[in-house]
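**Student:** Would you mind keeping the following structure in view while I ask a few things?
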Amino acid sequence: MCAGYKILILAYLTTEIWMERQYLSQREVDPGAEFTRNHTISEGTRFKRAVFEGQYCRRFGCCADRDDGCVTQFYEADALCYCDKFCERENSDCCPDYKSFCREEKGWPPRTKPWSPEGCHRDGQHYEEGSVIKENCNSCTCSGQQWKCSQHVCLVQPGLIEHVNKGDYGWTAQNYSQFWGMTLEEGFKYRLGTLPPSPLLLSMNEVTASLTKTTDLPEFFIASYKWPGWTHGPLDQKNCAASWAFSTASVAADRIAIQSQGRYTANLSPQNLISCCAKKRHGCNSGSVDRAWWYLRKRGLVSHACYPLFKDQNATNNGCAMASRSDGRGKRHATTPCPNSIEKSNRIYQCSPPYRVSSNETEIMREIMQNGPVQAIMQVHEDFFNYKTGIYRHITSTNEDSEKYRKFRTHAVKLTGWGTLRGAQGQKEKFWIAANSWGKSWGENGYFRILRGVNESDIEKLIIAAWGQLTSADEP
C-alpha cells in the first residue's frame, strides 16, 4: 500500500516538472507563421511575433527578471510584445527595440502607469478636458481633472427657498423653471425694468379720494368683484424689462373701463409703450412710469388686441408701428392700421395727467374702492422672485456673503384690493392684493399678497393713478 502511494507521488512530480519545461520552452519554439499575427497571450504561453521597427520599450519601460505583465501593444502587428529580462534569451516575442534600449548601460525608466482617462466626472458621467457644463446660473469647465466654476449669485437659490419654506414667515417659495439658469443680476435686469422715481414724480402733491371719512371700508375688497369684466388680469413681460409699461397700461385700461362704466373695456397695449414711448425705441431696456403716463396723455395707446406683444423683443424690426394725429380738440386718432391685421379697431385711448395718491394706508384703500386699481412702485428683493403663495414679507438671505446676495431694484405693479387674515398665533395680518407682470404661472395666478400698513418693500411709498380722457360723446 505504501509503495503504491510512493509511485503516485513520483508520477505527479514527474508530470509537474515536464509541464514546467514545456511552459519555459514556449518562448524558444516558433509554433508557426499562423501565430505571428492576431494572437493574444494564452494561459501559460507567449507566442512569437513578427519583428517590426518602432519604439515600444522606449515608451513603456523595461522590467527586471521575467514579468509576463511587462507587455505593450505591438501596433504594426496587431499583437503584443514584451520588455522584460527574459528577452535576453533571444526570443522573438520581445519588442523590436528591446536590445537597443533595454540593454543600454543607463538605468531603465519606470514602467508606464496603467492608463486612466483624463477629464472630470459629475453625477456618474465622464467629461473630457475642456468640457463645459451649466449648473444653474454658473458655468463649470473641466480643467486639470477638476471642475472650475464661476461664482455668480443665482436668481433661484435652493437654500433660500428651503429656508423660507421651513420658517414660519407666512408665505411659501417655489423654484420657477423660467428663472432657473439666470443670475440674480439678470433677474433684476430683465424681469423688472422700472427706473427709480424721478425727483419730479416724488415732488407731486398727494391727492385724497373724495369718499367720506365715515364710509366703512370692508376687511376684504377686490376690484374685479366690484367691477366684473372691467378690470384686467396679469400679462407676462417675460425677459423684457418693462414693468413700467405693463403696470401703466393695465391701470389705465381699468380706469377707463370703470369711468366709462363698461363702454370701453379693452386692455391697453404695453407693446405700444415699449415700441413707441421709450427713447431710441428700446423699451425692454427699462423705462420710467412718468414718461409712460406722459405718453398716455399726449399720444395715447391702442388696445392690446390691436398691438400685441412681440415674440422676439430683440428683433431689429420692432420699431413703432402706430401713428396718430390730433383732431385739434385734444383727442388723437390713429393714422395707421393695427399691427395685428385681424383686429380692425385702432381706437386711441388717452388719460389725464397722473396724480399721486397719499401713502396713508386708508387713503390708498379709499382710492381703490372709489376709482379703481392704482399703480405702486416697490422694491424687489432676491427672495420675491420665488414667491408662490401667502402674505409676502422680505426674508433676509441666510448666506454669509450678505453684500453679494442681499440686493434690491425698483419694480412697478398694480394694486387691486386688500384683505385680512388670522395668523398662526391668532394675530390679524393685513395685506394688499397686487397684480404682477410675470405671467399666471407665477405666484397666485399672477397675483401676490403683501403686508399692508407697514410699507413692506416700499409698496406704499409711491402710489400713482389717473383718469381716462373721455369726451361727452365717450361718457355713458
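Residue numbering: from 1, along the chain as shown.
Each residue, glycine too, has its Cβ placed from N, Cα and C.
Since the structure is predicted, the reported quantities are computational estimates derived from the model, not experimental observations.
OK, Swiss-Prot features for this one:
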CARBOHYD  Asn38  N-linked glycosylation site
DOMAIN    59-107  domain 'SMB'
DISULFID  Cys63-Cys83  disulfide bond
DISULFID  Cys87-Cys94  disulfide bond
CARBOHYD  Asn175  N-linked glycosylation site
CARBOHYD  Asn314  N-linked glycosylation site
CARBOHYD  Asn360  N-linked glycosylation site
CARBOHYD  Asn455  N-linked glycosylation site
**Student:** To the nearest whole angstrom, what is the C-alpha distance linking Asn360 (N-linked glycosylation site) and Cys83 (disulfide bond)?
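**Tutor:** With distance taken Cα to Cα, Cys83 (disulfide bond) is 92 Å from Asn360 (N-linked glycosylation site).
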**Student:** Taking Cα atoms as reference points, rank the recorded positions Cys63, Cys83, Cys87, Cys94, Asn455 by distance from Asn175 (N-linked glycosylation site) and give the first.
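**Tutor:** Going through Cys63, Cys83, Cys87, Cys94, Asn455 one by one, the Cα closest to that of Asn175 (N-linked glycosylation site) is Asn455.
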**Student:** Please report the Cα separation of Cys83 (disulfide bond) and Cys94 (disulfide bond) in Å, rounded to an integer.
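**Tutor:** Here the two Cα atoms lie 6 Å apart.
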**Student:** According to DSSP, collapsed to three classes, what secondary structure does Asn175 (N-linked glycosylation site) have?
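**Tutor:** In the DSSP reduction, Asn175 (N-linked glycosylation site) maps to coil.
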**Student:** Have a look at the disulfide-bonded residues (Cys63, Cys94) and report the one with the fewest Cβ neighbours inside 10 Å.
**Tutor:** Cys63
**Student:** Through the lens of DSSP with three states only, how would you label Cys87 (disulfide bond)?
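**Tutor:** Once the DSSP labels are grouped into three classes, Cys87 (disulfide bond) ends up as helix.
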**Student:** Relative to the Cβ of Cys87 (disulfide bond), which residues of the same chain, six or more apart in sequence, are found under 8 Å away?
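**Tutor:** Cys94, Cys95, Tyr98, Lys99, Cys102 - these are the non-local Cβ neighbours of Cys87 (disulfide bond), listed in sequence order.
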**Student:** Sorry to bug you, but what's the C-alpha spacing from Cys63 (disulfide bond) to Asn455 (N-linked glycosylation site), rounded to the closest Å?
**Tutor:** 81
**Student:** What average pLDDT does the predicted model assign to the domain 'SMB' (59-107)?
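**Tutor:** The predicted confidence over the domain 'SMB' (59-107), as a mean pLDDT, is 76.
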